[in-house]
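Engineer: So Swiss-Prot has the following annotated:
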TRANSMEM  2-22  transmembrane segment
TRANSMEM  71-91  transmembrane segment
TRANSMEM  103-123  transmembrane segment
TRANSMEM  138-158  transmembrane segment
TRANSMEM  173-193  transmembrane segment
TRANSMEM  220-240  transmembrane segment
TRANSMEM  243-263  transmembrane segment
TRANSMEM  289-309  transmembrane segment
Amino acid sequence: MILNFIYYFILILMVLLSIAFFTLMERKFLGYCHIRKGPNKTGAMGLLQPISDALKLFSKEMNKMFYMNKFIQIISPLIMILMMMMMWMIFYFSNNALNLNMSIIFFLCISSLASYAILFSGWSSNSKYSLIGSYRGFAQVISYEVSMAMILISLAIIPQSYNFISFLKIQETFPLIFSFLPIFIIWIITVLAELNRVPFDLAEGESELVSGFNIEYGSWLFAIIFMSEYGDIMMISFLTYYLFLGLKNLILFFVLILMTMIIMIRGTYVRMRYDQLMMMAWKMILPQSIIFLFLSYFIFLNINNFICINFCN
């Protein structure tokens, strides 16, 4: 038990270290998207920029306004990073004695709870801008959570298991992305909306003057929100690899491609209007997810009947 805790602690430590250099990679890529160089002054080729950013954020003073609900405002970012760390338990315990047979259900439960932290952080700031941003983010996450659950259930029909390891076993020779390319495209759209990334960053509005639900945050609390968001991006990249690209020898290559794709989307696409975002969630993504759920079930049923009729008798 103690050894498991030590291994998990090392995993979280490596994730937090990876987040630092992932932000550096994003800033470099965005710089080249804008035909300029990214951070290149701190250390050799800017490699020490994440360390300098961390020192700057954690050394700043946290401004506490008298109208804030201080306890909830402090606890909300801590809930965000705690949910992010709990999601990484899926990948650690998958290759361990504490294997989660219901890892898909565990992921859906944790991702649903994480949306409450956005609502609490916006409400506790007692600012109308942060409150509107938290309302938008909460409604967006709820809308796309349903489609995400439908996609995961439709994929879980194929290996007949809610364990992510079972997806790797059925993809040893042939990845599911070739058979389920439409579901993969819908999954990427849904994931970007869940992560509040461009072009669906309505909760935050990274390129605007008012930065959404986290406008009143600074110092170490802002750094914690920042780390939880980028930790979720890395976790979703691993999850997408498990679901669609399960070739064991190329795990780091595919995960890096997915992370780079999310960065390039931020540097390429513009933000959608909020009404278009909601209309796409309920009128386009959700009906298609339900159709794919029924198609997966009937395809699996017909394959089983074919095998039983031709080979079992």
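Count begins at 1; order follows the chain as displayed.
Cβ atoms are placed via backbone N, Cα and C, with glycine included.
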Engineer: Sort out for me which stretch, of 2-22, 138-158, 173-193, 220-240, 243-263, has the most Cβ pairs below 8 angstroms to the transmembrane segment (71-91).
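Structural biologist: When the Cβ pairs under 8 Å are tallied, 220-240 comes out ahead.
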Engineer: Restricting to the same chain and to residues at least six past its boundaries, which positions have a Cβ under 8 Å from a Cβ of the transmembrane segment (243-263)?
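Structural biologist: Those are 22, 25-26, 29-30, 152, 155, 164, 167-168, 170-172, 175-177, 180, 184, 187-188, 192, 195, 197, 233-234, 237, in sequence order.
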Engineer: How about long-range neighbours of the transmembrane segment (173-193): same chain, 6 or more residues beyond its ends, C-beta under 8 Å?
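Structural biologist: 140-141, 143-144, 147-148, 151, 154-155, 158, 167, 199-200, 236, 240, 243-247, 261-262, 265, 277, 281, 285, 288-289, 292.
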